[in-house]
């Protein structure tokens, strides 16, 4: 039995989101193909993920014997909790829109929790080495324009998850803002690809 972590990186519901429509289709198809697997869901917009601000980063570099505030201790513990949640999953699927050429800020905060030296990668004399080897990561993204996987959001997500050693792949639905009349056609193609990926994921 494997564990799938489902990461919702959109502030709205599937009614208003093509990426979440794809995510819903993926989960439904995945459950059909892998009925024994455990599925855990994470909504980054409601999870209160600690951001890398002054309070948290100063706590990270404070040292073992430093006196931390209760707030710093809480943020460190919650940050580590999201790292551990990611590490406990065998497979991860992430769905998000592209905002201003990038992923939403809340999703970026989550990504920061899964790119941690000593946990998901390590430094060696030959350079950094990923520690999340064998972990499948599927990224579902909706782009109003057409970017062919060269948009900064996709490049960033690919770089991060390949850096930590995971098996990263992406399926995007794009171009619906250019030609709204083709939205349903583009969505149908997206859903078909997502469902097929879920069967073998």
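A Cβ is built for glycine as well, from the same backbone N, Cα and C atoms used for every other residue.
Bear in mind that the values here come from a model prediction, so they are computed numbers and not experimental data.
Over all protein chains present, the Cβ of residue 98 (FMN binding site) has 21 other Cβ atoms lying within 10 Å. Under the three-state DSSP scheme, residue 98 (FMN binding site) falls in the coil class. Among the features that Swiss-Prot reports, FMN binding site is placed at 17, 18, 19, 98, 99, 100, 101, with the record citing sequence analysis.
Those residues noted as binding FMN (17, 18, 19, 98, 99, 100, 101) have their most widely separated CA atoms at a distance of 17 Å. Neighbour density at the Cβ, taken as the number of other Cβ atoms within 10 Å, is lowest among the binding-site residues 17, 19, 100 for 100.
Neighbour density around each Cβ, counted as other Cβ atoms within 10 Å, peaks among the binding-site residues 18, 101 at 18.
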